[in-house]
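What Swiss-Prot records for this protein:
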BINDING   E175, R221, H448, R489  L-aspartate binding site
BINDING   R221, D222, E223, Q230, E482, G534, V535, D536, R537  ATP binding site
REGION    199-202  region 'Aspartate'
SITE      H31  site 'Important for tRNA non-discrimination'
Amino acid sequence: MKRTHNATELDIHLVGREVMLNGWVDTRRDHGGLIFVDLRDRSGIIQLVFSPEVKEEAFHLAEQIRSEYVIAVRGKLSLRPEATENPNLKTGKVEVYVEDIEVLSPAKTPPFYIENDIDVDENLRLKYRYLDLRRPEMRDNLLLRHRVVKCMRDFLDSRGFIEIETPILTKSTPEGARDYLVPSRVHPGEFYALPQSPQIFKQILMVAGMEKYFQIARCFRDEDLRADRQPEFTQLDMEMSFVDEEDIIVLVEEMMAEIFFKAAGKVIRTPFPRLAYDDAMINYGSDKPDLRFGLEIVELSEMLQNTQFKVFASALQSGGVVRALNAKGCGSFTRREIDALGAMAVENGAKGMAWILVQENELRSPITKFLSEEEIEQILMTTGAEAGDLILFGADQAEIVARVMGILRLELGRKKGLIAEEELNFVWVTDFPLLEYDEEEKRYQAKHHPFTSPRLEDIEIMDSEPGRVKARAYDLVLNGTELGGGSIRIHRREWQEKMFSVLGMSQEEARDKFGFMLEAFEYGTPPHGGIAFGVDRLLMLLAGRNSVRDVMAFPKTQSASCPMTEAPSTVSARQLRELALRIREK
């Protein structure tokens with residue numbers, strides 16, 4: 001029986017028609033003289049009715065079917081009796097009286113219920129992913145993914161972009177994370193790398209005159225995993241010639257507005273606010289600030305320059321900072337709750353956490369006796385503290401204070417229920433430093449990647465004051481999650497060689513890793529820039545999920561394995577010999 005309709009295409013306008021349906025048995029209910037079956041296909045559910053008065057043979061076969069059997073049915077669409085309508089179903093006003101049924105495939109009892117809101121170990125869900133994806137919420141996530149990617153393609157096509165695929169097997173040029181390496185059988189002892197991004201190829205496409213490129217690209221990074229990371233992931237990759245930062249930012253805002261409206265029915269306001277990197281780090285403790293709530297961190301370093309409180313004075317004398325966070329309405333916190341925040345601060349690198357409880361007629365704190373009245377007054381004024389508030393302090397090197405205060409801010413936002421979960425709050429973070437100093441390796445590293453252009457006015461201080469150079473970079477952040485990052489690129493060979501030199505790369509190493517790119521820059525390279533978005537992260541936020549694994553068809557676990565296929569796995573000795581490889585025992 002070849003189906004004539006999907007389940008949810010059936011409505012009151014088709015009542016009286018003969019229909020043929022295919023799908024899975026969702027539930028089966030035997031009411032004595034009648035058997036009711038909810039038939040599920042990708043579109044949804046329709047109720048089937050088996051009656052011996054309609055077709056006795058079909059009724060007896062329905063007695064034998066079970067959940068997840070795949071069946072084909074033929075019958076007549078009817079209105080449900082008024083008292084039995086189901087307002088929770090799109091097809092809740094109709095049902096099909098079955099005249100013929102065929103079992104296309106029986107099914108074993110599933111290891112978990114095929115329904116939403118199940119409490120099942122995620123590894124079990126991943127082992128039986130083909131069953132997990134039958135659940136409505138997982139199906140809906142994949143349908144949302146399809147709509148979002150289609151919106152991306154349609155939008156960029158309408159703006160003159162062309163989709164070009166770049167190589168999966170390429171040269172190893174590590175961009176921060178470790179590469180996944182693929183041994184070559186044809187060239188023994190040599191390896192391809194799976195791309196961490198199409199960065200170099202898309203820039204070469206600009207040299208080739210493609211002008212507007214995009215790709216829904218698969219990327220691979222051998223790094224430690226967490227809820228929003230996978231070893232293989234998808235990104236929307238874009239690059240344009242003859243543009244500046246403003247052109248890219250405006251285009252992306254228009255695209256995001258269209259994606260959210262067409263794919264999810266959500267209206268977002270543009271233009272998005274912009275926040276300089278330094279301000280984000282000072283006021284929110286993160287370059288991925290969540291702006292759905294306040295609790296801004298304030299700078300106290302200048303006003304406390306002459307403080308006698310040793311903890312603050314020591315931090316300032318060693319080139320550090322003192323900052324404070326006014327936890328509004330947290331003055332009722334117990335000492336145990338405050339100590340828990342202090343422990344969290346220490347876990348994240350702080351030496352401790354000073355605090356002041358602001359009460360109606362007094363201040364409770366172990367540090368007020370070390371502060372002058374003027375300092376206390378300035379602290380209260382700068383933080384806007386009132387009775388019932390709790391002031392938390394961070395005093396250390398700027399990067400440590402930013403990290404710790406940012407984590408405390410998020411914890412307090414969650415604890416006090418300040419985060420508007422349904423709100424979509426976009427922000428551009430701009431004016432990044434081009435470089436950051438690695439204390440362990442005693443050299444500068446690229447904040448984003450080594451192809452990001454410095455501000456033109458900063459090129460002259462690249463050698464003398466590299467830490468002060470600002471990048472022509474921009475990140476798009478949504479609700480505290482980085483959606484994507486981009487920049488205007490270096491497009492001249494001498495500037496790119498200068499960047500490699502500042503990063504401590506010798507001319508020989510630069511030629512070995514990037515010689516093909518440097519040579520391409522000698523044949524007329526247009527100014528260009530672009531951006532890349534994590535499709536999985538975007539979908540995680542759109543779908544309201546806590547992990548990218550819920551919006552990917554076949555993700556890996558947090559140990560980078562696949563319970564269903566048992567990848568990664570060993571390979572045969574013959575395969576290793578063909579690749580000139582030998583496994584060394586640990």
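Positions of Cβ are set from backbone N, Cα and C atoms, glycine also.
In the three-state DSSP scheme, R489 (L-aspartate binding site) falls into the strand class. DSSP assigns R537 (ATP binding site) to a helical segment in the three-state reduction.
In this view, the densest Cβ surroundings among the binding-site residues E223, V535 belong to V535, judged by other Cβ atoms lying within 10 Å.
Between the farthest pair of Cα atoms in the ATP binding residues (R221, D222, E223, Q230, E482, G534, V535, D536, R537), the distance is 19 Å. When the recorded positions H31, E223, E482, V535, R537 are ranked by how far their Cα is from the Cα of H448 (L-aspartate binding site), E482 comes first.
Neighbour counts of Cβ atoms within 10 Å were compared for the recorded positions H31, H448, and the top value is held by H448. Within the region 'Aspartate' (199-202), the DSSP-based counts of helix, strand and coil residues read 4 helix, 0 strand, 0 coil. Counting in whole angstrom, E223 (ATP binding site) lies 25 from R489 (L-aspartate binding site) by their C-alpha atoms.
Ranking the recorded positions H31, R221, R489 by the distance of their Cα atoms from the Cα of E482 (ATP binding site) places R221 first. In this structure, E482 (ATP binding site) is part of a beta strand by DSSP.
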